[in-house]
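Data block below; observations after.
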Amino acid sequence: MTDSKYFTTNKKGEIFELKAELNNEKKEKRKEAVKKVIAAMTVGKDVSSLFPDVVNCMQTDNLELKKLVYLYLMNYAKSQPDMAIMAVNSFVKDCEDPNPLIRALAVRTMGCIRVDKITEYLCEPLRKCLKDEDPYVRKTAAVCVAKLHDINAQMVEDQGFLDSLRDLIADSNPMVVANAVAALSEISESHPNSNLLDLNPQNINKLLTALNECTEWGQIFILDCLSNYNPKDDREAQSICERVTPRLSHANSAVVLSAVKVLMKFLELLPKDSDYYNMLLKKLAPPLVTLLSGEPEVQYVALRNINLIVQKRPEILKQEIKVFFVKYNDPIYVKLEKLDIMIRLASQANIAQVLAELKEYATEVDVDFVRKAVRAIGRCAIKVEQSAERCVSTLLDLIQTKVNYVVQEAIVVIRDIFRKYPNKYESIIATLCENLDSLDEPDARAAMIWIVGEYAERIDNADELLESFLEGFHDESTQVQLTLLTAIVKLFLKKPSETQELVQQVLSLATQDSDNPDLRDRGYIYWRLLSTDPVTAKEVVLSEKPLISEETDLIEPTLLDELICHIGSLASVYHKPPNAFVEGSHGIHRKHLPIHHGSTDAGDSPVGTTTTTNLEQPQVIPSQGDLLGDLLNLDLGPPVNVPQVSSMQMGAVDLLGGGLDSLVGQSFIPSSVPATFAPSPTPAVVSSGLNDLFELSTGIGMAPGGYVAPKAVWLPAVKAKGLEISGTFTHRQGHIYMEMNFTNKALQHMTDFAIQFNKNSFGVIPSTPLAIHTPLMPNQSIDVSLPLNTLGPVMKMEPLNNLQVAVKNNIDVFYFSCLIPLNVLFVEDGKMERQVFLATWKDIPNENELQFQIKECHLNADTVSSKLQNNNVYTIAKRNVEGQDMLYQSLKLTNGIWILAELRIQPGNPNYTLSLKCRAPEVSQYIYQVYDSILKN
């Protein structure tokens, strides 16, 4: 008879009977009684009153009975901590039992009893088990240390268990090694700064040796540990990859994904032009494809991970697109994932196959899948320009099916295609308008309204179409209302005489009858714009639209890099970092991809998580591309006594918050105007997306002896009709100066000098007019010191410290660019308190930390600290670790950004390691350049 009989009893008063049976002299009776107790406990009955009687049954040689008693103990020890102490002697005795299975069982149960009162009694038995002659006992004891650490971390450290764990990494048994690694990794997760694992080439070699002989779980533990190691160079990275690659052919999909994670991380360190790099990319494809032949649930997990891999390195699977074609019997969750990856892999070479598949999918019966397929056709058109016409034709065929949800989704994606390829496919608008009456979804209605408004001049009855939407204005969603408002304003600007009544009607509905603040605000903006300056309104509302990006749903680069570090875990399925869904008392250590140390000369950007990925993204909406155009379009009239600024024009532009609006209306400050009449600059709110990053602040200063970059020629005479300008930037008495030398190499004299800066990353502008009062005669030079401040408008530049300047004289207007060395923007109050420094360092995410090498520097730590302090870089603390001098430093920029630094100096080694952390990591490479310049001059 099976053990199910223990779960079928309905007796009353059975506790008393069980108590008697537990104390029976016969072993079999006691064993039966314990089974009944466990069964009662399993179904939720309270049998805690039997605790002392069950504990008495521990004194037995029967392994099955001992397991049952231990199970009972684990369940009730927390609610009966005082009685749990009764079992301590039995644990100690069992840990010395000749049977290794009993020793291991005892130590495993010890780790599972989470009672503070008895942990101290368990230290000695655990210490013996960690050095036990039997590997099964040692591997069980290793896991017990991690469990004990979670209960009482301080005691584990004091008792030296962590050192014992580290010793087990060199154990002769691979499973002991794997469990020791698993335990140390878990402890390290909760104490990220402890460096418990102490990964070095020797330990890594031991782990790789154990890898081949472990069980599947052991291999996963070791591979996960390897993924946290940063090899010292690409040769070591390649060596590890060669020994991990065989795991790709493992039968267990978890082992395969763990191996892929290691290889994806180490690919960052391999030179991209090497044969091995390309060979490794080819080796990664087959195992990923094989994962898609498993069960649907395994396929889904594999596809979610492949989605990340394809975003990071699409070249791995670019030849394997057919395996992502949907099968008729795939579950919907697998179909949607495959569809997403298909689009990511779509290219000119395979677009015909992809489109044929998508058209077929669009005739399926599953509504969600069909919608996604139609949307995918639009994404193909946007991504692969050569296929756009074929995609539009396919969408028109689908619209002809008259299936409601297909038509609506098709109209939404055609709107995006119009945005991507303006004035190319407008001939299909008539076909779209035929389906107006069938549109009942907000997205589709908004898309159709946008199309009618954008191409109103090509649609004869555009006013009637928009008026039909206006009839139920208050019943529409906010999205449709906003789109309709803009569309009617566009229509009015294109056909003012015919639509005046219509535009007044929609403005009245938006501003007077609506409770939605967004709608009201937009209505008021349009109303004031139209009534104040219709010409400007036309320029604003009908301006050329920025192109839409090819991939709108790519994961943000730094998050993608973090998720690559979590391949094979729940984070890679959710596409969220662990701290977004795991609550822990210690928090979660953020991971990031290793930094390639191939090039660290001054001026080079580190190939890190932030810098590379941002540079690789296609920049569709320009952030500074038109800025030089802004300077070129400046209307520079002759110098006047008082600079005129058109308040009406500037007001209109400010109202619309244009981040790229031109500098028209901001006249030059001529040199003839006395400083007292110069307009005082006011901080401008610029819609550039950087206001939070670059908060404008005042107060700058530099200690005497600060570094000054050598003068450079900014404007050669051959490009400026004989005017040559060279210069640099300095800090004196707490002010920033632009030190310039003007040389006249022309044959005529020069007068009426004026200067203006374009918007820049730090809001740098002249504090006073350019003061050159006497004519500059041929072959004459003059030195000019122009005071600057940081109160001007902010616009992110590329590079970040780029400054675009316009200089005018009686001959012409000339333009040049120069780079501001960031040390002139370091402020005097950049010294942090020690506690604040420590808290801030921990608070800034680890992916924001970038490392650089400062080469060929022969200064000691004190000299370095003194030199940097002269430039407002303050040393907060200094300590010596294993012969290395560690300087912890802080500095602050004029816009309020704090940068924290750790500088490692090894006496006798001319190469210093600089680690920088700040909330705006794009600044770090420029700070590194400043460090390099200061310490080498």
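Any Cβ shown, glycine's included, is placed from N, Cα and C.
Copied over from Swiss-Prot:
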- 607-617: compositional bias 'Polar residues' (COMPBIAS)
- T2: N-acetylthreonine (MOD_RES)
- S4: phosphoserine (MOD_RES)
- K265: N6-acetyllysine (MOD_RES)
- Y737: phosphotyrosine (MOD_RES)
- Y928: phosphotyrosine (MOD_RES)
- 593-617: region 'Disordered' (REGION)
Distance, Y737 (phosphotyrosine) to K265 (N6-acetyllysine) (CA atoms, angstrom): 45
Pairwise Cα distance for Y737 (phosphotyrosine)/Y928 (phosphotyrosine) [Å, integer]: 22
Least surrounded among the modified residues, given as Y737, Y928, when other CB atoms within 10 Å are counted: Y737
K265 (N6-acetyllysine): tally of other CB atoms within 10 A of its CB: 25
